[in-house]
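Asks: The structure is given below, and queries will be raised subsequently.
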Protein chains: 2
Amino acid sequence: MTGQSIDAARLLGRIRTLGEIGQDADGRLIRLAASDTEKLGRDRFVAWIEGAGLQVAVDRIGNIFGIWKPDSVTDNAPLMLGSHIDTVIGAGIYDGCYGTLSGLEVIETLRAEGLTPSRPIVVAAFTNEEGVRYAPDMMGSLVYAGGLDVDTALATIGTDGTILGDELERIGYAGEHQPGFPRPHAYIELHIEQGPVLEREGIRLGAVEHLQGISWQKVVITGDANHAGTTPISMRRDAGHAAARVVTFLRDRAQASNTPTVATVGCMRFEPDVINVIPSRATFTVDLRDPDEERLREEEAALATLLDRLSAEEQVGVSVERLARFEPVKFDQNIVRLIEEAARERGLACRRMTSGAGHDAQMIARIAPSAMIFVPSIGGISHNPKEYTDDEDLVAGANILLDVVRRLATEGLPA
Amino acid sequence: MTGQSIDAARLLGRIRTLGEIGQDADGRLIRLAASDTEKLGRDRFVAWIEGAGLQVAVDRIGNIFGIWKPDSVTDNAPLMLGSHIDTVIGAGIYDGCYGTLSGLEVIETLRAEGLTPSRPIVVAAFTNEEGVRYAPDMMGSLVYAGGLDVDTALATIGTDGTILGDELERIGYAGEHQPGFPRPHAYIELHIEQGPVLEREGIRLGAVEHLQGISWQKVVITGDANHAGTTPISMRRDAGHAAARVVTFLRDRAQASNTPTVATVGCMRFEPDVINVIPSRATFTVDLRDPDEERLREEEAALATLLDRLSAEEQVGVSVERLARFEPVKFDQNIVRLIEEAARERGLACRRMTSGAGHDAQMIARIAPSAMIFVPSIGGISHNPKEYTDDEDLVAGANILLDVVRRLATEGLPA
C-alpha cells in the first residue's frame, strides 16, 4: 500500500516553527491553553490549514479542525487525525504538535498524490490537552466525545483566575460548532512515546493497542512520635517504616509479575521529620497503572490488603483517599494491525505497546475506533526542553500514518 | 543500709516551683541555657542551696555546685550528684530538674540524719545540657570533664546570635572556678527514663549500666526522574524505592537481633515529590544506637554494605554524610550493683537498662566512676509538657539515690 512519502522538510520545518512560538525571555516554551501565546500557535496552524486548501472549523470548546472533503466523498463520517498544540510550562516541541502537524502533512501529501478518498479526512487540534491552566486535562477531546458538558467546561476557572470560555472568546477561538461535529469513522493519533521503551529496544515504531488505566491514591499512615534512642523496636508505632513497607511491596509485586503493571510512589513526607524522632505520620501517593481493568483492580485490592495487614501488625492508623481513577482504554485491533502492516512494508521494526501517558485518543476512543502510533523519545524524556526525537523517526512515523490513512480512506475499516 | 527517707513534700514542692519558672504567656516552659528565665531558675536553685546551709560555687562555664564539706572529711574528692536545670522549648518539668533537686534533697536529708561522711557531697547543675540555644548539648559537663576547652565553649554563638560567655556574664553566672573543680570520687545522676520501658514492664527503677553510642548519618540517593506511566519497572532508577529498602532493611535487622540495637529513619524527603514522577532523589537520615561499640560498628558496616548493593543493583547514586558519632558509655558496675541492692532493700522492682538519650553522666564518666538511676516516664513522653512521672516514683527514685549516697559517703567505692 506504500505510495509516495510525506514532505519531510515541510513537516520538520513546521515542527520547528511552531516550537518557536511561545518561548519566553529565558527560551522556555510555554503555550498554555487559550493564552496569548497559544493564540499565536493556533493562528499559525490555521494559516497552514488554509494554505493547504482545507476548510477550517472551530467548535465551541475551541477544538480546531482542518477538513478535506472532496466531491468524491460517499460517506460523510471522516477519518480523523490529530492531537493538540497547547503545552506545559517549559515544554519540548514535539508533544502534541508532532501528531497535529503530521495529520496536516498526511492530508496535503494525499491531496498531492491525487487520492480519491471515500470519506472526508480531518486534522484536529484539541483544546487544553495538558490541563496545566484548566483542569481536567484532555478537556477538548473529552468534551468532543461527550464526556463533559461544553458549558461546564467553558465555565472552568484557571489557575490564574481566568474563565476558559472568556479566554477562548478573547483569543478568537470560541467557535460555533457543537462538539462532536464531525463524528469520525476512525481516529489515529501519532505521538512521541514519552517513555524509554522504543529507544532502549532499538525499535522505530510502536503500534499502541492499549492506554493504561490509572489509579491514584493518597495514603496517610499514623503512628507515635517517640524518642529514637529510648524506644525499643518492639514498642514502636513507626509510620515511616510502614510507609516504606508499602513502597517495597509495590515494587516487589510489580517486578515479580509478567504484566505491564507499573506502581510508583512519587510523593513521600514524614512528620515531624526530625532525625531522632520516630515518624508519627507518613503521607505518600500511590500511582498504579495497568492496561487491563481487572488487573488494575487486583493491584488496588492487593494494596488495600497490605494496608490492613500493616495496620494490624504495626498498630498504625491508615487512611486512603482516591485522587483519580481512569479505566484502561483498548484501542481498535484493526487499526493496530494496519499500523503493523504499514511498518512491515516500509521495513521498519514495530512493536505493540501500551501508552503509559494519557492522550486525546483515549477520549475519542469512546465514540470511534481509535489507535495511536508512537515514535521513540530519546531517554524517555518529555515535558522538558530536552524532549527529543530523531528527524528520521519523526519522518518514519508520519509515513506510517500516511500509509494507514491512505488505506482507510479508500477501503475503510474492516467490517 | 536503709535509714530514713527524703522529705517527699519538700522535693515535690521544689520540682513544681522550679517548673513554674520560665513559663511563657501560653504556659509553655522555656528555660534556655543562660537566658533571663534560666537566670531565675538558677537564682531559685542557689537560694535553696544556701537555705540548706551548703556552700555555693560556680565555675567559668556556669556550672553551679552546692557543696557539703563537713569537718569530718578525710578525702577531698566529693561524691557528686546532679543533672541540669536548663530546658528545651515547650519542656516538661522533670527532665534534669528532678535529678538536680533530688541531689540537693539527699544532701539535706543526710545532714539532718547526722551522717558523718568521709568525703564532701556535692550537688551539680550543669550548664546547657539541652543544647537548644548553644551547640553542642551537654556542654557544661563536657567542659567540666575536659572534653571541650572552656574558652572555646564560652565563645559559642547561639541560635539567637548571642555569645554564651557574654550571656553568662550578663546573668551573673560566669564563675571563677576552673572547670574540673571539684574532681569527683564518683557521680550519680537520677533522671526520668524518657522512654517507655519501665512503665510498660511495670518496673519502678532502672539501674542504668550503659549509655548508647550514637551514629547519625545523612544519606542521599539519586536516580532518574521519569514518567510514572511510561517507564517500565525494569528501566527505573527509583531513588525513593532504594530509600524505602534501607528503611525496611534496618527495621528487619534490628527486629531479628537479640540486641538492644535501635535504628530509626526520622527524616525523609523525595524529589521532585510529584505523584506521577519517579523520585530522582531521596534524602533521609539514619539514627543508629547501641550500647556496644563493636556492635554499633557492625550496624554501620551493614548499612554501608546495603548501600553499596543498592547502588549496584538499582543503579542509583549514593552519598553518605556523617552528622554525629558518639561511642557508647559503660557506667560503673559497682555503683550499678549498689543501686540494685538499694532497690532490693526497699522492696522495689529494678532492672538494668541502657540509656537511649544523652545525659551529663556520659561526660562525667570520662573522669569518674558514674552511673544513673531511672524512674518511669508515663508513655515514654519527654521534651513535651505531657512529660510525667508519678509522685510515688519520683520519691522512690530519690530514696534509692539517698541510700546509695549514704553508703558511698561512708564506705566509698569498692576498691
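Any Cβ shown, glycine's included, is placed from N, Cα and C.
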Asks: Look at the Zn(2+) 1 binding annotation in TrEMBL, where B:D95, B:H191 are given, and name the residue from B:H84, B:H177 listed for that site too.
Replies: B:H84
Asks: Within 10 Å of the Cβ of B:H191 (Zn(2+) 1 binding site), how many other Cβ atoms can be counted across all chains shown?
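Replies: Here the count is 28.
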Asks: If H, G and I count as helix, E and B as strand, and all else as coil, what does DSSP give for B:H383 (Zn(2+) 2 binding site)?
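Replies: Looking at the DSSP assignment, B:H383 (Zn(2+) 2 binding site) belongs to neither helix nor strand, so coil.
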Asks: Select the closest residue to B:H383 (Zn(2+) 2 binding site) from the following binding-site residues, measuring between CA atoms: B:H84, B:D95, B:H191.
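Replies: Nearest in space to B:H383 (Zn(2+) 2 binding site), counting only the binding-site residues, is B:D95.
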Asks: Mean pLDDT, the domain 'Peptidase M20 dimerisation' (B:212-312)?
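Replies: When the pLDDT values over the domain 'Peptidase M20 dimerisation' (B:212-312) are averaged, the result is 95.
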Asks: Within 10 Å of each Cβ, count the other Cβ atoms and name the one among the binding-site residues B:D95, B:E130 with the highest count.
Replies: B:D95
Asks: Taking only same-chain residues 6+ apart in sequence, whose CB is under 8 Å from that of B:H84 (Zn(2+) 1 binding site), what do you get?
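Replies: Spatial neighbours, sequence-distant, of B:H84 (Zn(2+) 1 binding site): B:G96, B:T100, B:A125, B:F126, B:T127, B:N128, B:E129, B:E130, B:G140, B:D360.
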